[in-house]
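**Student:** Quick one: the structure is below, questions incoming.
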Ligand SMILES: *[C@@H]1O[C@H](CO)[C@@H](O)[C@H](O)[C@H]1NC(C)=O
Ligand SMILES: *[C@@H]1O[C@H](CO)[C@@H](O)[C@H](O)[C@H]1NC(C)=O
Ligand SMILES: *[C@@H]1O[C@H](CO)[C@@H](O)[C@H](O)[C@H]1NC(C)=O
């Protein structure tokens, strides 16, 4: 009997090793320690914010602080467009303090911030935002193009969506984008999709959440990002991720049907009120709010709940996803 258990453990270990070795991706993996005894996770999500406090950025920051304290959050996710209008010029750019350190000052926000880049960040010096100098100035800052973040039963897959958008290459208007380390574009995109697919397939997390700057589905001003619909969405569908979270449209939005991927936009970190909403099936469009605000996310083993707040902290919308206990036999 004991021998049988031992054998099983050994075979299991062998499988695990082969499994991991056979699926190496180049995406950086990070672990955020679980602190709550039941393993649950509370976080905030904000996007499109860095305006030195302007356009209600400071009001949103204040409410994030209050909600962050109530929920005892573990960390904050930034979905990009971290610094307007044109990212940072270098790692000594004072916008870093003026738009980040001096704005999100509430004690509850003194947590790790995990950030991706937006199109406005790519209009500046990308290596500045990725630089190790910024975390020395403000330890909360973590920014990477694409990476995987594990926290207990949740795994977040952060994706650099900027290189997908063809217009930035073929019709950039008066803007210049910092494509250092991204070209050749086709290779960058195919490597990224390959690595992402491997990482999601490898994941045994209860909840799989993908984060990017650009929307896959949106009724907002920019409209769906067709390149992501074509190339990213099939991977999310095939691997049955639970949600995709983005910014880019300066609004708060929830698109989704029960039992399918939920598409969440949290792009209300500062300038909003664009006044543009495109027609969308009302059965799917569960929230469209054109103003400022942010989102919270609470994940437990059986449920994931997200709540949207406006600039005064009023709850605009909330939604809960439930996970049935899987009866499927799993080797791992
Ligand atoms: C800031 O928020 C207030 C309250 O919702 C709103 O009246 C005002 O228009 C907002 N300001 C900007 C610049 O969006
Ligand atoms: C971009 O920022 C990095 C880090 O501060 C700096 O070393 C580099 O010179 C900057 N590049 C340009 C073109 O300014
Ligand atoms: C580029 O900038 C010039 C000068 O500000 C302006 O006249 C022109 O319309 C702009 N072009 C585009 C495509 O935005």
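Here the Cβ of each residue, glycine as well, is placed from N, Cα and C on the backbone.
TrEMBL labels come from automatic prediction, so no person has curated them.
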**Student:** The Fe cation 1 site in TrEMBL lists 81, 84, 250. Which one of 48, 230, 281 belongs there according to the record?
**Tutor:** 48
**Student:** Of 62, 102, 213, 231, which does TrEMBL put in the Fe cation 2 site with 81, 119, 248?
**Tutor:** 213
**Student:** When the Cα-Cα distance from residue 48 (Fe cation 1 binding site) is computed for each of the recorded positions 119, 125, 248, which gives the smallest value?
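**Tutor:** For residue 48 (Fe cation 1 binding site), the spatially nearest of the recorded positions is 248.
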**Student:** Within the chain of residue 213 (Fe cation 2 binding site), which residues six or more apart in sequence place their C-beta under 8 angstroms from its C-beta?
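**Tutor:** Sequence-distant Cβ neighbours: 47, 79, 80, 81, 116, 117, 118, 119, 160, 161, 162, 246, 247, 248.
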**Student:** Starting from the Cβ centroid of 81, 119, 213, 248, the recorded Fe cation 2 site, name every other residue in that chain with its Cβ within 8 Å, sequence order please.
**Tutor:** 47, 48, 79, 80, 117, 118, 120, 121, 161, 162, 214, 247, 267
**Student:** Relative to the Cβ position of residue 250 (Fe cation 1 binding site), how many further Cβ atoms are located within 10 Å?
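**Tutor:** Here the count is 26.
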**Student:** Using the Cβ centroid of 48, 81, 84, 250 as the reference point for the Fe cation 1 site, which residues of the same chain not in that list have Cβ within 8 Å?
**Tutor:** 47, 49, 50, 51, 118, 120, 247, 248, 267, 269, 270, 271
